[in-house]
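Lifted from TrEMBL, the feature list:
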type	residues	note
DOMAIN	B:391-628	domain 'Histidine kinase'
DOMAIN	B:656-773	domain 'Response regulatory'
MOD_RES	B:D704	4-aspartylphosphate
TRANSMEM	B:68-85	transmembrane segment
TRANSMEM	B:97-118	transmembrane segment
TRANSMEM	B:125-151	transmembrane segment
Amino acid sequence: MEVNQMQRSFLEYANVLFREGFLDGQFSQLQMLADESNPDFVVEVVSLFFEDSQKLLNDLTTTLDQQNVDFKKIDAHIHQLKGSSSSIGAQRVKNACIAFRNFCDQQNVEGLSFGSSITFAFLFQLEQQIVAAGGAIPILSEFS
Amino acid sequence: MLPNFSSAEKSQGDFSNFVRKEEKSTSLLRPLTEPCCVVSYRMELCNCIEPPWPADELLMKYQYISDFFIALAYFSIPLELIYFVKKSAVFPYRWVLVQFGAFIVLCGATHLINLWTFTLHTRTVAIVMTCAKILTAAVSCATALMLVHIIPDLLSVKTREIRLKNKAAELDREMGLIRTQEETGRHVRMLTHEIRSTLDRHTILKTTLVELGSTLGLEECALWMPTRTGLELQLSYTLHHQNPVGFTVPTQLPVISQVFNTNRAVKISPSSPVARLRPTGKYMPGEVVAVRVPLLHLSDFHIHDWPELSTKRYALMVLMLPSDSARQWHVHELELVEVVADQVAVALSHAAILEESMKARDLLMEQNVALDHARREAETAVRARNDFLAVMNHEMRTPMHAIIALSSLLLETDLSPEQRLMVETILKSSNLLATLINDVLDLSRLEDGSLQLETGTFSLHALFREALNLIRPIASVKKLYITMSLSPDLPQYAIGDEKRLMQIILNVVGNAVKFSKEGGVSVSAFVANPDSLRDPQTPDFFPIPSDNHFYMRVEVKDTGSGINPQDIPKLFMKFVHSQPHATKNSDGSGLGLAICKRFVNLMEGQICIESEGLGKGSTAIFIVKLGIPGRSNEPKLSFVHKGTKNQVKPNFSGLKVVLLDDNSVGRMVTKGLLVHIGCDVLAVSSGDECIRVVTHEHKVVFLDVSMPGVDSFEVALKIQEKFSKRVDRPLLVALTGNNDRMTKENCRRVGMKGVILKPVSLDKMRTALSDILEHGYLVESQ
């Protein structure tokens, strides 16, 4: 029952995240860094991010599947993911990490796996987005 | 007188007999002393003196004894006198006493010495006797003379004594009187105290009767109160009857009038109707006294006068002495009754006043409670509304903006004409909705008083131009002309709320355009001088221009449908459409003018609309107060901005820096940033590596301090240790996602020169780096 409640609140939060943009201002900053000396900067960073994140989330899932879950390790993973996503400006992913880090503090395995799957989903969406936009996304102004 | 020969002469023998015989015939003629001389021949031998009177034995004896007792008494009298005088404290006539004592003593002495003269006695005794007698005579004469003076005095003492006694008796009488009066006074005080100790009407009256009854020993005591009409007196309280049943007497009875006409207690006949309270059957009813008790009303107390006793309502108090007693009403008892009656009147009036004030107070309290309740309800309502608005503000605006943004974006894509039209309609509707929401929210804030104008300097000309440019398309669609004329004495720039002023202009001009079907709108603005400021519609408005401010007057004249003069007052009311039969073009919430009015008022101005009637067009006039730039209190010029800030890009080319971040993505991003700025970046992912690679060539070391596995503070310390010489040491900057005080403290403690908050933007990095290099530390840790 407790899990369901948490899942529910997380889902609600995910809805909020849905309403927000995929990427925040940080991404625009990244785009500004692409110049003649480094034209593919954004692509490189983004690809690195996706690689990293997927690896992290896989590790996370594996760790969660074990008998004795090492919450410290999970916390470290989430921290990493949060750092990466904030550097790149992947807002939803970052917020999702912040949100389901709470499950880690509570040592809630179900919550963690639930959260991680949601984050995975966001990641996937983001990837789709970026790929669909051909890797050249116009600068989005923030909706106030 | 024949001398009295004692037996002593017998011893003389015959010779004495012989002498006697011889003398018998001549003795009567001879003086007393003669026989002595006669005898002296014979007696010369013993120098004795013969007593000159006959020796009648019994008589002699009695005389002898009497003399003895007289002498005794005479001697004892002074002793007694002395004794008693000594005993008494006061005796004024001491010398009298002495004199008298002397007199008595001498008399006694005389009588004593007389004892010796009964028989033959020597000449010495005779001489002593003589002396004593002489002295006695002297003293007694003196005493007699003295007594002439003394006795009147003594008598007067007696009179004085009698007078004093009388006086004392009189004083006693008066004392008695005073005591009675004091008793009476005490009774009155006690009664008054009893009466005044309560503020309840019934208790007052009951107590009065009881106390009076007990003080004066009355048989019966009754109180008759006037009825409502005042025409009758009703028996209200009695001492002994528990529940007096509705006896009434008409007020006009002569005996009652008599009592009511004087403020004194009046003796009345026991057979009068007011006194016939108890069953008859007693022989001699006691005396009855009646007194009036004025019933004072609140209205009797005028501000400056004492209560006028002209409006008469009196109650009647009847007091009956016990029957069959010979008691009579004494004066002091009557006085007591009068005083009590007055006190009762006062106490009753106090009770009445208290009742009134208690009622008023209760009423006030009720009202207070109700008001408080209403206020709290109102507050709750306002709070609820504000909460609602605050929530709706955000909730409504977000989707609104999403719709507007996405619709605009959509318009940029390839659409078929129908699709374009549809999207345009969506956009227009959403814009309208957004405006509506903003209006409502603004108005509520305006009404709260929470809206504050944002003052800034702006160009008046530009403002008007822009406003009219916005309206112009709409006007041209309706084939209306718009003209603008700005007076030359209007300043170029003004200080005020540009946005809100724009809103006002747009609203007013927009209305003008909306309600005109042909012709056009002309807008004119000029500086208002005090004369033109005097608006007949608002005579209270006296704007006074000063050195810092001026009043701008804008007139917007249109050739539209005009307004019915009756509708003009309703124009500025909320949600009221001036035309109930609205055309299909008229939209809007009806809030526009209401909001305009509030904005204008906030700008300390006035707005009004004049029209000569339907079909004759209308003119909207508003005056607002604006500041003059270039004077004191000039706020920062908001239009001079933006271009001047980062004109010079600091050149970091070739700056060697080290970056420590274990997050690959983060590391790549930050490196990219720094490379873009122009730095030569060496990026490492572990603390040890960092310590190893830092050289004196590196000017700055960026350390990410939110790495879980690495203690960046340790790294910082180690780097500092590595470089002993200050000048070689690189500047350490922390990169962190935590903006809390602890992190900053820790960074400072280990010697870091600055903290930069992630995520870092290009500008932020630039500024931070230039700050660090220029000042040696971050001026503003971001």
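Positions of Cβ are set from backbone N, Cα and C atoms, glycine also.
Long-range neighbours of the residue listed as '4-aspartylphosphate' (same chain, six or more residues apart, CB within less than 8 Å of its CB): B:L660, B:D661, B:D662, B:N663, B:G666, B:S712, B:A734, B:L735, B:T736, B:K758. Note on the transmembrane segment (B:68-85): residues 91, 97, 100-101, 104-105, 107-109, 111-112, 114-115 of its chain, located 6 or more positions outside it, place their CB under 8 angstroms from a CB of the stretch. The residues of the domain 'Response regulatory' (B:656-773), classed with DSSP into helix (H, G, I), strand (E, B) and coil, number 56 helix, 25 strand, 37 coil. Residues 49, 93, 96, 99-100, 102-103, 106-107, 109-110, 113-114, 116-117 of the same chain lie 6+ residues outside the transmembrane segment (B:125-151) yet bring a C-beta within less than 8 angstroms of a C-beta in it. Per-residue pLDDT, averaged along the domain 'Response regulatory' (B:656-773), amounts to 83 for this model.
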